[in-house]
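Inspection log for the structure reproduced underneath, given as structure tokens.
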Amino acid sequence: MEIESEVTPATVQENTSQEKAKEKPAEKYRETVQEILKTLKGKLLLRRKLLKISQRKRRRKRRRRKRKSIKTKMRKSQKKTIRKNLLSLQSLMKRRRKRILSLPHLLQILVVLFLQLRLNLVCKRKKSKPKVPKKPKKSKEEKIREKELRRKEKQELREKKREERRKKKEEEKLRKRELKALKKLEEKKERRSYSRGDNGTNGDKHKHDGESGDDSHDENGKKRSKRRSKNDLDGRDYKCTFCPKTYLSYPALYTHMKTKHQSGTDNNQLLLNSGRGRGRPKKNAGRVTTIAPESDDYFKTLDKGGGPTDPLYFFNEIVQKFFINKNSNIKKEIEVKQESPAAPEEKKAANSAQNSDVKEEVTANDKNSKSQENTEEQQKILNDHNHLSKEGEHSDVKEEVEESKSESQAKSQNKDLYDSSKNSNFKADFKQFSFKSYTDVKDHPFYEILSKKSLFSNKEGEVPKEVKEEQAEERPENDASKDIEMDEQEKQAKSEPKPKDEAIHDASMEDNIEVKSERRENTTPNEDEGEKIKEEPQNEENLFRKKRYDQVLEDYQKLTFNQKQELSCDEVCGIYLREISQKVNAKFYKTLLKFMILYRECCNEYGWQKIVESNKLLANEKIKVDIPVSSIPSTHKNALQQQQMIIIADIAKKSRDGKEDFCKVNSAESMPEVCNEFVTIFLEQREDFMDRGDAIDLTLNFCSWLYKKGHTCIKNTIKNYS
């Protein structure tokens, strides 16, 4: 029996899977081919669409161009026809103005007007704007994204603003801290300067800062420039000629002179107009700038600068004028006075009256004193003190008294002199008193000092030839002495051959102008030059080479403070003349030497009196320390005066018994104290000897020189400056 195989579902599935596996490669191939065809069709369709779109665009462009061309042609033709019609109508209207218009003519006119309006409309027609394609609508997601972006941008802006505010606040805090630190440093500096004892000008500045407070700095933190006080004299080298004010620059002085002193002296107008209506004036605008006499540039002006000049130039001329020729005229005056018998009687009466007044004062002061010995000593001391004060007030005659032609005129003059002596204490003595008498020029104490310091030992005291020629030119034309001197000079020039020394002297003077700028401390003479000088000592050019290296001034610079205090007044004056003679021309040196001689005589007159006054102050201070005022009883009030007079008596005896000048014995410590007497009393009684303005400037310069060089501790204090 045959066993039939049963058909199960598992077997069916296996068969189908086998069949499918056989059919798979053909199906896959078909599917791929179909996909490829689809893609190709899609691409072809896209190309066709793109071609159609491009063709449409081209067609549209062509149509637009055609339309535009047609419109333009139409417009041109219309314009032409309209213009023709208008011209024809205008011509018709001109012809038929007087005639009545018919209907056809009226219609023609209306047509013309219509065409004219159309022409205007055509001309004013605007071009059509191109249509903007509409934006595609956004989806919700895109809108949400845009909102988020906007929010982020706003947040970033807010954060940036916050950061900027924070930075500004931090910068302001830093600035405030820096300002506080600067203020603290300034306060410390001010305290230190105040503790060290600076000048009063700094104190005034500190007060001003304290009052200002927080306003001492600008908004940017920079320190404000403070205004300079008028008490600061540093750099104020420009001085007014009419008042004691000084300025830092010439323009400031110019405006001051123009506003305050426009009339000048004696209502004479100043020459300040420099050709400009406003602004800074020109240099050298018709006047010379005035420099303060205390400055180093005082001798560098055009009217003073030059040199070197010999310190003995003009010495013979000035000494003969002041001391030798003057005394002969004064002796004649004294002889005339002795002839009048009334004069000595009046003089005795005046002296007796003075002595009686002194005795009355002494007795009044000494009523309470018990012993008579104290009264006698006081009387002697007071007489000595009065004698000194009389000698201190002596001064010279203003002008030489003309010789009396008759005895009657002489008597009348003498009576006037003695009557004036009653009003003033010492004017009668002053009229008889003159400078100290010298028989010869070499007897003057300046001669020995200046001869050692002269540049030319062979030509001591001679006047330079240039100055002689200037003096001869300044004389009037009718002066006979001028012609005589010129003739003598011409004769000497013809008879004597010109020496070579004159040319050498002129050349050396020009060379020495350059020498002033050199500093002798850094320069030393060459060995070759020294050998030449030894070989030819008589040559004047070699002498000037020697004087470049001035040994006198070099030795003076090496002196110590104590050695300078040991120098006498005459020696100090000689060094001053030697130093300034190298900077000054010969013409101005004459006024300087005249000033120095007059100032020496003033010191001889008033110097002892100044020492007495200074010692009197010292005596007062000593007495106050030794004896307190509260412990002095009423019966011994004059004990202080007795001690003062005993201290002063020693100085009085030295000044009377020594018979020596003040400038020979004493140092230059008290020379600046005489400046006020020199300007007010001494020069007023000797107006013809020297100009007062030059004397004031030279006293200021001399006193400042003494202070700078260390000869005195006293600064110049001229009270009556104007």
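Each position is counted from 1, following the chain as shown.
Placement of Cβ uses the backbone N, Cα and C atoms for every residue, glycine included.
All annotation found in TrEMBL is predicted automatically rather than curated by experts.
What you are looking at is a predicted structure, and each value in this text was computed from that prediction instead of being measured.
Straight from TrEMBL, the features:
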- 1-28: region 'Disordered' (REGION)
- 17-28: compositional bias 'Basic and acidic residues' (COMPBIAS)
- 52-81: region 'Disordered' (REGION)
- 126-138: compositional bias 'Basic residues' (COMPBIAS)
- 126-235: region 'Disordered' (REGION)
- 139-162: compositional bias 'Basic and acidic residues' (COMPBIAS)
- 169-195: compositional bias 'Basic and acidic residues' (COMPBIAS)
- 203-222: compositional bias 'Basic and acidic residues' (COMPBIAS)
- 238-266: domain 'C2H2-type' (DOMAIN)
- 272-291: region 'Disordered' (REGION)
- 336-349: compositional bias 'Basic and acidic residues' (COMPBIAS)
- 336-424: region 'Disordered' (REGION)
- 357-370: compositional bias 'Basic and acidic residues' (COMPBIAS)
- 377-419: compositional bias 'Basic and acidic residues' (COMPBIAS)
- 451-541: region 'Disordered' (REGION)
- 459-522: compositional bias 'Basic and acidic residues' (COMPBIAS)
Secondary structure content of the compositional bias 'Basic and acidic residues' (169-195), with strand meaning DSSP E or B: 27 helix, 0 strand, 0 coil
Mean per-residue pLDDT computed across the domain 'C2H2-type' (238-266): 80
DSSP residue counts for the compositional bias 'Basic and acidic residues' (139-162), split into helix, strand and coil: 23 helix, 0 strand, 1 coil
Counts by DSSP class (helix H/G/I, strand E/B, coil) across the region 'Disordered' (52-81): 30 helix, 0 strand, 0 coil
Secondary structure composition of the domain 'C2H2-type' (238-266) [DSSP: H/G/I, E/B, coil]: 13 helix, 4 strand, 12 coil
